[in-house]
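Peer 1: Please see the structure below; I have some questions.
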């Protein structure tokens, strides 16, 4: 930049030779030149008619040693004495690696002409876009994508593109080069994947600074079968009105048919971030023929909120749960963002120049919105002062023409709505101030370009008006207007419009071509004499359409009809010749889940429009400002020069009609106008420019050298516009939740079952190579077979023409269905050995009733009513135009993907259907993650520059047998360099800035969050993320808390909850600490107050040995954090030391004994330090000692850690965060930076944003520690690491090279083996290796151990009459009893109840519990979000510690659910979240359980016929030998029944094997008693008696190997006969039977089975 400045000075000194006869020569170029791109420039001669040749050069800057481009052009009268040569800057000649801006010199020389202009360069050589096949994926699925690349002329390019995939945490997990014209392999998501929004980022290989991002979500989901749409009667709730609020409900199946069912509707109000439901609004609404309507009555709203005016500024929401008539499927939709307002409109100024020409018309574009930001149509508006009226169009805009007076320098403008139904005080109003255009040298010459048309589209002829005003002499010199049209950052066209003498208005017609999409700038100027230029410009929006053509339609009328699954059909593509067309067909159910990320023409134009280098909506401060703001660089032969551009991107481009741009344009103009001084206004405007480095306002202000006044104006405007931007980032509140069951359709009887149900398919690329027709359009027919889904497919085509850019066609829909079909509903996954109910819904869309037979096909992977030997069938009628749900109960026995198949046929007809789908079965147990973080730092931790280590495998003693272990090893370079800024988002701290209230303790609890949030945001410079105006509010809250705390300050400067209580050492120290921190932010906090508390602590609570004592514990023990536990003396002393140290900078001069007090206390702590037991106390003490400069050895501290990254105690999350924060502070104070990285990473990974009650200390410490880290941590070194990972059973190690350029890309390797592996690292810098081990752990017996609460939950059936039932089908009474297990009653306590699916709480019961004089509960809230189950939250003022507190209320079942998951009840302390207990409840479903037999984690289905004790009279010896010697029979025994036990619903018969008649798998059958397992239901049929002998044999498949033994299953294939004892064999009745048994034994024992 220094060279740049010298060059400009030299240029000004040398000057440029002008024409000898008074001509004016101009050179105009784009303000930014793109490399490797042809750019048009303009050279013009005014007042010179002599033909001449001009040489055009492009040189390097500043030395001009290289000629990068050269050409010659002829200028003559035939060309109106202007030329538009094309130049091109080759990137290969430049230093691309330079991090500084690069410029070139554009030079024009010729007779009497010498012009030069320095122009900024950009390496953006084109546009690149990514299309993914859909916008949402499940773990493990492939992400198909294609890349489209065009240059700035919208011509197709096949340059190599780098495509990266980034996790929601911003980690690059894949980066590879792709060729846009070639085949691209999909990116396969791993099974172990981060849920959330992922990014696919595309950028050119040689210009990575410009990128395009496609987004997609990753989560577990199933597709719905129908969608629900809500349409409120108004977009707002007008507070003064008396009308009820109506919401229309529309429900449609995805194949177009209307849904019959019922909707449950509840309204609520969202206040800040909290949803407050209106219990009385819960209504059951029938959905008839797909439609219903919900109503919120004003009285219902007042029943929840008595003063409706308090709701102004908040939003209404409505949650609707629609359940189909069969109860088989459910979709939840929520519509939010319905603003509660006093005025229903807001006004913005958009597409309005900031500058006006005095005495000329000023075109003011007003944009009126509803409160949700949507355009408000047909609203009258009026401007005051200069009167003008208009009415908004359908897009919310109205154009007002203001006739401005002469001789004014500023124009105050006020516009208000003029709606006839609103009183004046309720009308919306908006003001701005426009500034007068400054003429050159005060000449008073003006040009106003006016375009009055509103919606402009290709093919239009656009009238452009040139209005001039000036003195007569000047006007007589105007012979023509030169105009330039800029599009996509390039000069698209240059022309001249003649003017005749005396014309003050000249009009030309401009033909709009597709090349001018999406918008263009029209810049015009005229010259007066040889030195004055008068200019104006206007920005023009063009309707978003394709530049070319692309249409998708059915190849014939037959193809446009409703199709059958699997049918053949054809589509026809029509488009530009040579276009490559990418196709994809997507199930519309995917868009019900997520349609945010679909590629569209509008999104493409939005991206391309960013290449516009113009920065305003038109006009300019003066003639040069017109060119600058339009994105042009100008120089003239009379030294008229635009300012040098220093950034390619505009601080605020004039986006098209969008609310965010409206807000910013309007806000910037009005804010800057507040500064009358031109210099300060410039400082303000610069403050509102966006910083490309992302610096904070404060950091940017450090670079200002123009004085304090400029710096103050800069900061004020910078903070102001940041707050506006934050408001504009409000996300849409309309979202759709999904059913818990999948949406695709399955098969039937003897027909091949439908089994192909992709979410997207037809991923093809077709080229239009056919001969074009007379309209220049090529076509191609594409044949294909439809998939098996019954749905509507949306076929999306994106074409890339060689010359006309990208075109996204209107989607073509293909509806697939038939009159009779099955919809098989499967969950996303089920747990092995757990029963689940699935449903097949049979639809009959025929006009006649039918009779059907349905069958569940047997699969040995499931236990079901369908068995190998017996098919499970049901037969029933289905009425015309209706459906019927058929439930099937199954128990999955094997993990993995297994087929579920249902078939159905119609009696007497050929109609049938079959569906086969995969069901994912996951292992039992609790999915556990073990994370180990290892820092690789070979220069510090290595030997000879190499760090080698062996990573020991985790001990997984609790792993579920026969389940896989997945280990993922990720390596990331220098992970801590920017971790705070990237991971702790300041915008999420909004909830911490609250109003303090309550007693001396509660006030500190509620004041602390504002203090620590301000401390953290100040330290990290993140106020922009939260909104700069929030800092003022935070300071106000701090001062409120400070003032209130003074009420509880005693005369001796100590504190207690109330002044009549004894003073608390801990509370006084805490007040000292918080006020000391706050005093750095608020100067009004008295140092005397802080130091008074310090003095009281030292003189009244410190013992001679240095320890601090507590004589009066606080009431709110939860605010103590971890200090509340064991080792109280050490933790209290350490805590008070940290408070004294915090106050040292304030009180050291006032309190002479402060340092000696700290020394005494730290002497005591040093004696205790190595003997401490708790990790928390060790961390706290280490910080106190390190902060006092008494500790520099971290060995004891690190020994107390878990994994060297956290200080952890069981079941105490907030204490662990607090303790780890103390440890981080200690490490920072000791400057042990090598140990810091993993600790910071762990804290960040907790995603902990703090809270108030019960979280005070964790909140304070985590943000204090992270802020301190941001301040202290030295900048990271250059990175150049080579890492090798040798995994077991792999011969070749994984090798990675990590440097600064690729540090953020994660290198990941996975293995299924949980074994030791070795790692080697060498080089410079640091990297973090994260080992994530995921496995299924057996549930611990104490998994539900409760902390500080006892809880009992039960349900019982309730008989109700018709009135009491309230439309429900049944009811239960939920009984909850809890007791606090502390020494005193628990104060504020919350009971959070998760409802059973299909059940709603009885609001009247809850009201009775809360409204009576004997109030059992403080208040309750109901959230009937059926997607996540409804919830009831109950607030209790206290819970007794001496007796149970019980609550009973009814819950009503409103619809049937096939398999009800348990509900849960959680009780927890409002003040301490670690004190909690959770229990589950479920209606009794014992008789509905399928029978299965389990040993360990292996289960066998037992849902078959019982084995019957063989008592047939006609069984002879030969039959027994034949049966015993059958192929699959494994053994034949004589046994004695020793005992019978019952376990898990099964009978276990312990048999002693007396004789092995035929040996089998069990080689030691007689070693000990053998277990025979049978279902309980077979007990009576078997009728086995103790001490009786039995002949028994069974199949090999009925043997069950155990760890050191074998068990035997008794199934229908087991043969059992009673063997009479010796005495009975003497009886005539049993003699023949005993002889047969003896002969059977001898035959098989001696001779074996006959062959």
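Please read every residue number as a count from 1 along the shown chain.
Backbone N, Cα and C atoms are what each Cβ position is placed from, and that goes for glycine too.
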Peer 1: Taking 1412-1444, 1445-1477, 1478-1510, 1511-1543 as the choices, which stretch does Swiss-Prot tie to region 'Properdin-binding'?
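Peer 2: My reading of Swiss-Prot: the region 'Properdin-binding' range is 1412-1444.
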Peer 1: Counting Cβ neighbours within 10 Å across all chains shown, tell me which of the disulfide-bonded residues 684, 1091, 1446, 1634 comes out on top.
Peer 2: 684
Peer 1: Using Cα-Cα distances with a 10 Å cut-off, which of the disulfide-bonded residues 683, 863, 1346, 1649 are near residue 717 (disulfide bond)?
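Peer 2: Of everything listed, what lies within 10 Å of residue 717 (disulfide bond) (Cα to Cα) is 683.
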Peer 1: Just the number: how many Å between the Cα atoms of residue 1446 (disulfide bond) and residue 1477 (disulfide bond)?
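Peer 2: About 15 Å separate the Cα atoms of these two residues.
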Peer 1: Tell me the Cβ contacts of residue 710 (disulfide bond) under 8 Å, same chain only and six or more apart in sequence, or just say none.
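Peer 2: Non-local contacts for residue 710 (disulfide bond): 679, 680, 683, 704.
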Peer 1: Given the disulfide-bonded residues 683, 697, 1649, and counting only Cβ atoms in the protein chains shown, which has the most within 10 Å of its Cβ?
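Peer 2: Compared across 683, 697, 1649, the most Cβ atoms within 10 Å surround 683.
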Peer 1: If you draw a 10 Å sphere on the Cβ of residue 1625 (disulfide bond), how many other Cβ atoms land inside?
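Peer 2: The answer is 16 other Cβ atoms.
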Peer 1: Between the Cα atoms of residue 615 (disulfide bond) and residue 1377 (disulfide bond), what distance do you get, rounded to the nearest Å?
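Peer 2: Distance between the two Cα atoms comes out at 66 Å.
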Peer 1: Rank the disulfide-bonded residues 718, 1377 by the number of other Cβ atoms within 10 Å of each Cβ and report the first-ranked residue.
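Peer 2: Buried the deepest by this measure is 718.
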Peer 1: Fill in the CA-CA distance, residue 1634 (disulfide bond) to residue 697 (disulfide bond), as an integer in Å.
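Peer 2: Cα-Cα, rounded: 101 Å.
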Peer 1: Could you tell me the C-alpha distance between residue 684 (disulfide bond) and residue 1578 (disulfide bond) in angstrom, no decimals?
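Peer 2: That separation, Cα to Cα, works out to 87 Å.
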Peer 1: Going by Cα-Cα distance, which of the disulfide-bonded residues (697, 1147, 1578, 1649) sits nearest to residue 1625 (disulfide bond)?
Peer 2: 1649
Peer 1: If one measures from the C-alpha of residue 1649 (disulfide bond) to the C-alpha of residue 1346 (disulfide bond), what distance in angstrom results, rounded to a whole number?
Peer 2: 61
Peer 1: Which one of these disulfide-bonded residues has the most other Cβ atoms within 10 Å of its own Cβ: 863, 1147, 1477?
Peer 2: 863
Peer 1: When you rank 697, 718, 863, 1091, 1377 by Cα distance to residue 1477 (disulfide bond), which of the disulfide-bonded residues ends up on top as the closest?
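Peer 2: If we rank 697, 718, 863, 1091, 1377 by Cα distance to residue 1477 (disulfide bond), first place goes to 1377.
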Peer 1: Could you find out if DSSP has residue 1091 (disulfide bond) as helix, strand or coil?
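Peer 2: The residue in question, residue 1091 (disulfide bond), is helix (DSSP, three-state).
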Peer 1: Of all the disulfide-bonded residues given, namely 1147, 1346, 1525, which is spatially nearest to residue 697 (disulfide bond) at the Cα level?
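Peer 2: Going through 1147, 1346, 1525 one by one, the Cα closest to that of residue 697 (disulfide bond) is 1147.
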